[in-house]
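The structure appears right after this line, and notes come after that.
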Amino acid sequence: MIGVIGVKRNVDIAIREKLALYPKKHKKYVGELLNSFKEVVILNTCNRTEIYFNCTEEISEDEIFDKIFNVFNWNDDLKKYMFLSKEKRAVTHLMEVICGFHSRILGEDQILGQIKDAYKTAISDNSISSELQKMFEIAIACGKKFKTECKMFEVPVSSVSISINSALLKGCRKFMVLGYGEIGKLAIKHLLSHKVECIYLIVRDKSKASDLEGEIVEVLDFNEKNQVINEVDCIVSCTAAPHTVVRNEDIKTEGDIIHIYDLAVPRDVDKELSEKERVILKDIDEISKIDDKNKKIRKERMEEYKHIVEESIEEFLNWLKIREVSSKIRNIKIRENEICSERIKTFSNKGNGENAKLAERMIKSTADAYVNRAIELLKSEALKGSDSSCAEIIEKIFLT
């Protein structure tokens, strides 16, 4: 059984923080999950916590919740904020997620790269091997095709772009970016495409961003951030830290207005900062509610290309159906080879060499024609969901 358990949409950030997973514990999580599930993929982003699983035995929904909650040491009171989808609903969920239909900012395509990373990590961890591997391969192809054909780049959107565009409209020209992961890199790229006065990039390893040092970008270590934090108009924070990185005492009470966009989950910025008159603080939930002129265009365009999602769902479900009869197909081919060998051996004992070779080709060709037709019929009936009676007849003909 294939399934996914994750945080429901529109759950408040205060709850999502409690369900966030820490990357440093990833190996431990996977090892423990594989004690209960055949395959596992963990999708853990700043806005999404989802565990995709495949189990060979039928287990109840309560058991699934208990097993996963025990691994992550989550409080049982948080179960009401989680969803569980199985079989086709789980497949549909992944295909829609990778195309941006479930993103807090509709159409945000960063999720495609995040799912690709989760898949690569699962391959590296040896935590997927069959159904989940195929499902993610089809999903990634679906996401790429959707992104290419939908051409969402013509209507750009992300939490980063919305945050920075909002700050620029408010007159911000001096920026600080905290963190240089995927989101941090997007923030820097976006800022460099606009006329800003200066950018302070705060990182834990300055060597990873040394190529950015230039006229308007200054790379600083985290312990240097407070030297300049009160000089900027805007802070964009997007670290993967499990703790607060911008504390209340870091920002002086007096001074010019400072806009802070906290894109992290758990939150990077002390929420008490919003009580200071000079601070305008927005977390990821508030950022996703900022209306932008492209929202309606994105929604209409995505619906127009929804057929790509539906086709990918059907492709995977058909693969599953064919896979269910694959063992029967293998047995039929094995039996075909055995029968051919017996007939060829019998003929060879009676005829000369030249005739024997010709007979071998004829026997094999005739057997292939009938067996391949039987296999085609079996596959066709499997796709219709009526393969059991067909398989029974074919087994009686070829395997008894």
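Cβ atoms are placed via backbone N, Cα and C, with glycine included.
Residues or ranges marked as substrate binding site by Swiss-Prot: Thr45, Cys46, Asn47, Arg48, Ser103, Glu108, Asp109, Gln110, Gln114. Long-range Cβ proximity for Asn47 (substrate binding site), meaning a same-chain Cβ under 8 A and a gap of 6 or more residues, is found for Arg16, Ser103, Arg104, Ser159, Val265, Ile284.
The Cβ of Cys46 (active site, nucleophile) lies under 8 Å from the Cβ of Ile183, Cys238, Ala240, Leu263, Ala264, Val265, Ile284, each on the same chain and at least six residues away in sequence. In the three-state DSSP assignment, the secondary structure recorded for Cys46 (active site, nucleophile) is coil. For Cys46, the entry in Swiss-Prot reads active site, nucleophile, with the evidence type sequence analysis.
Neighbours of His93 (site 'Important for activity'), defined as other CB atoms within 10 A of its CB across all chains, total 20. The site 'Important for activity' annotation in Swiss-Prot covers His93, and the record cites sequence analysis as its basis.
Here Swiss-Prot flags Gly179, Tyr180, Gly181, Glu182, Ile183, Gly184 as NADP(+) binding site, drawing on sequence analysis. In the three-state DSSP classification, Tyr180 (NADP(+) binding site) falls within coil. Spatially close to Tyr180 (NADP(+) binding site) yet at least six residues away along the chain are Ile188, Leu201, Val203, Lys208, Ala209, judged by Cβ distances under 8 angstroms.
Within the group of binding-site residues (Asp109, Glu182), the Cβ with the highest number of other Cβ atoms inside 10 Å belongs to Asp109. Considering only the recorded positions His93, Gly179, Gly181, Glu182, Gln114 (substrate binding site) has Glu182 as its nearest partner by CA-CA distance.
Those same-chain residues not listed among Thr45, Cys46, Asn47, Arg48, Ser103, Glu108, Asp109, Gln110, Gln114 yet with C-beta within 8 angstroms of the centroid of the substrate site C-beta atoms are Arg104, Ile111. Between the C-alpha atoms of Asp109 (substrate binding site) and Gly179 (NADP(+) binding site), the distance comes to 20 Å.
Distance from the CA of Thr45 (substrate binding site) to the CA of Glu182 (NADP(+) binding site) is 11 Å. A straight line from the CA of Thr45 (substrate binding site) to the CA of Gly181 (NADP(+) binding site) spans 12 Å.
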